[in-house]
């Protein structure tokens, strides 16, 4: 292995002084780590990346959660008020089918 490194341009020759060819062989005998999935995903599944920024997406989610709570509280107040108040829509008294006198 020293013959292979001979002739290469280096600034500090001591960088290669501790190199031993035996250590390379021992390291290559190890089996590489392999990822084994725990779930089975369909092969036709398409992975799509989101175009929005992660920070913007997070802020929108927080804003939606905050507004959902406010909206829910407002709906409860309106529901309580509707039971005692008359309906907002009132039936029309004049019928559009009747011709007007001119």
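Backbone N, Cα and C define each Cβ position, glycine as well.
Owing to the predicted nature of the structure, the values given are computational and were not obtained by experimental measurement.
Taken from Swiss-Prot, the feature N-acetylalanine covers 2, and the record attributes it to similarity to another entry.
Among the features that Swiss-Prot reports, phosphoserine is placed at 33 (among others). Spatially close to residue 33 (phosphoserine) yet at least six residues away along the chain is no residue at all, judged by Cβ distances under 8 angstroms. Under the three-state DSSP scheme, residue 33 (phosphoserine) falls in the coil class.
Summarising the annotation, Swiss-Prot assigns region 'Disordered' to 67-102.
Taken from Swiss-Prot, the feature phosphoserine covers 95 (among others), and the record attributes it to similarity to another entry.
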